[in-house]
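Features reported for this protein in TrEMBL:
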type: DOMAIN; residues: A:8-223; note: domain 'Radical SAM core'
type: BINDING; residues: A:Cys22, A:Cys26, A:Cys29; note: [4Fe-4S] cluster binding site
Amino acid sequence: MSEPRPSVNPPLGLLAELTHRCPLHCAYCSNPVQLVPAADELDTGQWRSVLDQARQLGVLQVHLSGGEPMSRRDLPALVEHAHALGCYVNLVTSGLSLTDATATELVAAGLDHVQLSIQDADARLADVIAGVRAHERKVAAAAVVRRLGLPLTVNAVLHRGNLDHVGAIVDLAERMGADRLELANTQFYGWALRNRAALLPTAAQLRAADVVVRAATERLAGQMEIAYVYSDYHERRPKPCMNGWGSRQLTVAPNGDVLPCPAAGSIEGLALENVRTRTLADIWYDSSSFNAYRGTGWMREPCRSCAFRDVDLGGCRCQAFLLTGDAANTDPVCSLSPHREVVDRVLSEQTALVPPPSVPRRMPAARNGGAS
Amino acid sequence: MTTPDSSPAAAALPGTAVPRLRRGVRLSFDPTRDSYVLLYPEGVLLPNETAAAVLGRCDGGADVATIVASLAEDFDGVDAAQVSELLRRLVRRRLVEIVENTEPGEAVRGDE
């Protein structure tokens, strides 16, 4: 039986990772090192059921993501289903398949908003990061979104190789007609963590970028909103990850695993539930994984008695696990963490030298010629 | 980064301003929460009953004065200044926009 606990609110958002297949090969990919093969993906009926259950549970925002969600032939059907349930439907895409025909079909199905990734401001550099000729198709995709009258968010993941071009990236997003621009410094999970030495920016780069981003934010106020995500290793306070564990959003992975945070699969010992064997409501309210780090009761010192406890919520559980081996520790990004030296060591070792080459992301043993 | 307080939208809205929900912003009712919800890219807002009543009248046709008059028909103690302030905040949060050609001081054409 799933009796809602009084302290647990229903979720507002569902991140539906429809597939891990993706035509891009970005070294900063935050998906797990071990990707879900196409054969293990939920089918259309199972995704419909996930959407039904999510809406019933209280979800109002559905982010259709991946991988590349447009790799799924049933994407228009899933958009239509989520829309009919009354959800606000976001498509998080590389844009490579977003043509007049496909976009028109998605808009007719009820798509509300598109979030389009770009890799850099310059086509040649961007295509090196993407590992495929993608940039010009993305620019064309943005034009299609504008023509169809949908709001457009452009998202650029920032790292050592493109952070110095952030001003040109802002200019490009402006030319693309974006309503919002997310400038997100790489967060180190999954594949990106493997490439940390290549991706981590220097403090000098970040200081310069900060000036550019502040000026652009002011110049474009009222026209294009800029959301800037900091490089948390360089900060003194951790991010309030997910606004709290199991607090507002849940993620369903391509194979049906239900995650309190997209990176939660990296925490060893966390017993993940799956939509094939348990209902979403049961998982949200009653599973050990969703209750493991809810609220502040799980905290140890220095979090437990900290004045910032309700501000940053102890930071990120996945990062605590990945860098200290225990997810219940304070996020080591925090200057009050006894493990802060781990982050400082990474910073001093990895941002002083010429970065090593990054390792592009590839689907293991491409089936049927791959996804592109 | 947050929008600085000195943003142009910080000025009070005149009664002749015509507000509407921005592109991609949708007001709907959520039976699960028994509440109106304002849905927009990357976010959800749960407006109280008064705010929902104001938002429901932001149709791109009615000006602020008309919205206030309409609210007064359904609610007691409607305060024009409070409605204007609420709309100003919504404009600053980029959920509501003022329809072009009705900038402060410009007359609204009464061709309805």
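Cβ atoms are placed via backbone N, Cα and C, with glycine included.
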- Task: Please report the number of other Cβ atoms within 10 Å of the Cβ of A:Cys22 ([4Fe-4S] cluster binding site).
- Result: 26
- Whose Cβ lies within 8 Å of the mean position of the Cβ atoms of A:Cys22, A:Cys26, A:Cys29, the [4Fe-4S] cluster site, other than those residues? A:Leu24, A:His25, A:Tyr28, A:Asn31, A:Gly67, A:Trp191, A:Arg361
- Should A:Cys26 ([4Fe-4S] cluster binding site) be counted as helix, strand, or coil on the basis of DSSP? coil
